[in-house]
Every structure is written in C-alpha cells, then in structure tokens.
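Q: Have a look at this one before I ask anything.
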Ligand code: DAT
C-alpha cells in the first residue's frame, strides 16, 4: 500500500521566538514528526569543531543533512532550527519564519540564561531580520511566510493556520 503524501515544514527564526513550542504542539495536532536540529546534533554528536567565541560546538551541516535525508524524502517532517540555508531547498514545502518584538525577545532570552554578547547578538539578529533574509535567499519567496510570535494568542493563531494549511496540502496532494 502506498503511504499518503505529507508535507515537510521548516520552522525557523532567532532563538527564543517560539519554534520549539509551536513545533511540538503542531506535531501533536497533525501527526507529523517534530525534529529539533540542536537536539539531533547533540544526540548524534554531529559536530565539526568548537566555536571559542560563542563557547559552543559547531554543527556538522553535511552530517545533519545526511542523517535526515531519507526521512525528508518520505515527508511528514517538521524541522526546527535557528538557521535555514544549510538544508536542501527540495526538502521543504513551506517555510515559516517566526518573528518577535525585540523587547519581548530580550526578556525571553534573559530568562533562558543568555547574557552579554550572546544576548545582544541574538536580539540584533532579530532586529536586522537576519533569518528572514536568509530564508528569502535560500527558498522560493512564495513558500516563505513570516509569523508574529509575541503573545499566546499569536501562538494559537499560528498553530491553527499551519494545521489548516497542512490538512489542505494533504488533500491537494493525495
Ligand atoms: P525557540 O524554540 O524559538 O528558541 P521556544 O519555543 O523555546 O523558542 O520559546 C522560548 C520561550 O518563549 C518559551 O518560554 C516560550 C515562550 N514563547 C514562545 N512563543 C511565545 C508566544 N507567542 N507568546 C508567549 N510566549 C512565547
């Protein structure tokens, strides 16, 4: 029996914008599989060197892509990462860039324990819409959507919209 085709969704944006919260809830609501790239890299030690400035391991992008490619070809995946140009363009049917006001983002990242340069750099990343521009360069512009993620109401609305989009995609492609 042939499996129903299901879409692959990329959730991207600056750390703290709500990708993980949205992605996990979305997986529950749609039955799609949620993958957090940071966790995947940690579990498989998919690293290539160490970044002294940021005091964190450097992602081995090729191994991350190899690790996921079979699943992505099958479809039905939700990918969560604070970057987007490392993935093959063919992987995704839709790309959501979550956006948060910088004052709110500052508070969220501070309570996550970010401080100093790491905190400043991440808030600047959001102010200069770095990830949105990265997404617009890496993917066809008509599949890239920005979603405001300031309040719990925003979270609910985004969830609702993506669930509906996903259901429609499944109808249209099967
Ligand atoms: P990310 O995965 O993008 O780093 P997260 O899902 O871990 O972000 O969320 C960071 C924190 O902010 C977490 O405590 C939940 C909160 N948050 C996320 N989106 C929100 C929203 N739209 N409204 C209120 N709080 C939100």
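Here the Cβ of each residue, glycine as well, is placed from N, Cα and C on the backbone.
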Q: To which of 99, 112 does TrEMBL also attribute binding of ATP at the site defined by 16, 18, 19, 20, 21?
A: 112
Q: Quick check on the annotations: TrEMBL lists region 'NMPbind' for one of 36-59, 60-83. Which range is it?
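A: Spelled out, TrEMBL records region 'NMPbind' over residues 36-59, not the other listed ranges.
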Q: Under TrEMBL, which of the candidate ranges 23-33, 100-110, 111-121 is annotated region 'LID'?
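A: Checking TrEMBL against the ranges 23-33, 100-110, 111-121, the region 'LID' one is 111-121.
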Q: Cβ within 8 Å of the ATP site's Cβ centroid: which residues qualify beyond 16, 18, 19, 20, 21, 112?
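A: Close Cβ neighbours, site residues excluded: 15, 17, 22, 108.
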Q: What residues, ordered by sequence, lie under 8 A Cβ-to-Cβ from residue 16 (ATP binding site) and sit at least six positions away in the same chain?
A: 100, 105, 108, 109, 112, 122
Q: Quick one: DSSP breakdown of the region 'LID' (111-121) into helix, strand and coil?
A: 7 helix, 0 strand, 4 coil
Q: Long-range neighbours only, meaning 6 or more apart in sequence with Cβ under 8 Å: which ones does residue 19 (ATP binding site) have?
A: 11, 12, 13, 80, 81, 82, 98
Q: Let's check the environment of residue 18 (ATP binding site): how many other CB atoms sit within 10 Å of its CB?
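A: Counting Cβ neighbours of residue 18 (ATP binding site) within 10 Å gives 22.
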